[in-house]
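First up is the structure itself, then whatever we jot down about it.
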Amino acid sequence: MTTNYIFVTGGVVSSLGKGIAAASLAAILEARGLNVTIMKLDPYINVDPGTMSPTQHGEVFVTEDGAETDLDLGHYERFIRTKMSRRNNFTTGRIYSDVLRKERRGDYLGATIQVIPHITNAIKERIIEGGEGHDVVLVEIGGTVGDIESLPFLEAIRQMAVQVGREHTLFMHLTLVPYLAAAGEVKTKPTQHSVKELLSIGIQPDVLICRSDRTVPANERAKIALFCNVPEKAVISLKDIDSIYKIPSLLKSQGLDDYICKRFSLNCPEANLSEWEQVVYEEANPGGEVTIGMVGKYVALPDAYKSVIEALKHGGLKNRLTVNIKLIDSQDVETRGVEVLKDLDAILIPGGFGYRGVEGKIMAANYARENNVPYLGICLGMQVALMEFARNVAGMEGANSTEFVPDCKYPVVALITEWRDENGNVEVRDEASDLGGTMRVGGQQCHLTEGSLVRQMYGEQTIIERHRHRYEVNNMLLKQIEAAGLRVAGLSADRKLVEIVELPDHPWFVACQFHPEFTSTPRDGHPLFAGFVKAAGAYQKRQVK
């Protein structure tokens, strides 16, 4: 099988939506029966995003095989059926780390290690490895053309076009075409200069995606084509749109997939986008709306909870409800009290790290439990629900996590000290262990308790969900908590770790140690989020009565 490569770059400004554009194109190609995957190459020097601040970088998306990756991989999985893995995302830091390790080992036989050829060769090797077994691999280059950090990646893909052959490579460049109200027209000069920048490093774009707040007129697209040396049919207008799920149809309507298939000599049927049309229809025709409060630590940057926000929307699609998400800083709950939680139809507490705002989350869990408000706790959201229940129901005054209070009387959440790595080797960790790459992370099997609410929602006895945490329920104190009425609804494969808890005497109170948001998609949704949004709608109706 010959793999075809589409290299996606961005110019003029950042945040043009390269990831969404790449994922949308991948969705069309997949709908044509092609085996497609997507890669994200990040130019920062961190080895991975695992220890980066969520308020700077956004969420860390966890893959099935346990890689901590860029949030764009979440977009990729929500748009195509192919599951991402650690092969789909790497950084400058990872490349340099690998090359330096080989140099120390003597693999280069004493050669002088340089950006060209050693770094660029390592980049090319990883791209080829990531694309193995696929008809088409889209490779998104992070950053903006002209950034110093991106140069080794751009040089690597330039070389790949020569080595793999232009018949199997295509350069797709996203660029900004701004509208100037004073002139009453769109301006193409920024695009021309962005392409000029690409040409200066030896890359001639084959497709231009013109981002604008409006449709770029045909005469302006013709002008761009002429001055940028690109066929007119390969200059695509991508205007701002009210739903990202309309983008596959928008790109297809301009013949982008036909152009690419012809370029790669791929003989495949027309794309059937009926699934995406159904998603757009459900989104545009809700039967009502609910308001869900998300109580978190990183609400200043909604991208820190990108997958949770999208999963809530997917839950809304499955219930024909618009989900209005109210982001609430957990510290506001501490200072202003539970008044900030009034008028919500449900409460969700997502994952997080560190003690700041934890007491506010505990107050929110308490409010949901005592007022029969539907509650979904994820990761830390489960741990705070457990601490709240232990304190106020099970009689464990001051119950806490050893993450926050190491010497507390009732450590209902504690650090797991023994882990097994992907090779089955036991690793011992403590509070002094490195933060990066030292968590229980990736897909883990979970056995659901017969008769539980989650068993009913999933419709399966055994599930696989993705984790990212260091702390777990302390089994030494579990029996006392269960005796007070909390039900363990899911256990790990070895039956040693608590994965899900729920309250049988509450209309809908579920908390899980894993991150269900990472496996939710607009086409399929997710059982927990669908059930949670449904419960929010039921709560709203009860309040009206």
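Just so it is clear, glycine is given a Cβ too, placed from its N, Cα and C backbone atoms.
Binding site for CTP per Swiss-Prot: SER14, ASP147, ILE148, GLU149, LYS187, THR188, LYS189, PRO190, THR191, GLN192, plus LYS223 from the candidate set LYS40, LYS124, LYS223. The annotation in Swiss-Prot ties SER15, LEU16, GLY17, LYS18, GLY19, ILE20, LYS239, ASP240, ILE241 to ATP, and of the candidates under consideration, ASP70, ASP72, ASP98, ASP303, the one tied to the same site is ASP72. Among the candidates GLY352, GLY354, GLY357, GLY443, the one that Swiss-Prot lists alongside LEU380, GLY381, MET382, GLN383, GLU403, ARG470 as binding L-glutamine is GLY352. In the three-state DSSP scheme, CYS379 (active site, nucleophile) falls into the coil class. Comparing the recorded positions CYS379, LEU380, MET382 on other C-beta atoms within 10 angstroms of each C-beta gives the minimum for CYS379.
Cα separation, ASP240 (ATP binding site) to GLU403 (L-glutamine binding site), rounded: 43 Å.
Nearest to MET382 (L-glutamine binding site) in space, judged by Cα atoms and limited to the binding-site residues SER15, ASP72, GLU140, is ASP72. Shown in sequence order, GLY143, THR144 are the residues of the chain, 6+ apart in sequence, with a C-beta less than 8 angstroms from the C-beta of SER14 (CTP binding site).
For LYS223 (CTP binding site), the spatially nearest entry among the recorded positions SER15, GLY381, ARG470, HIS515 is SER15, judged by CA separation.
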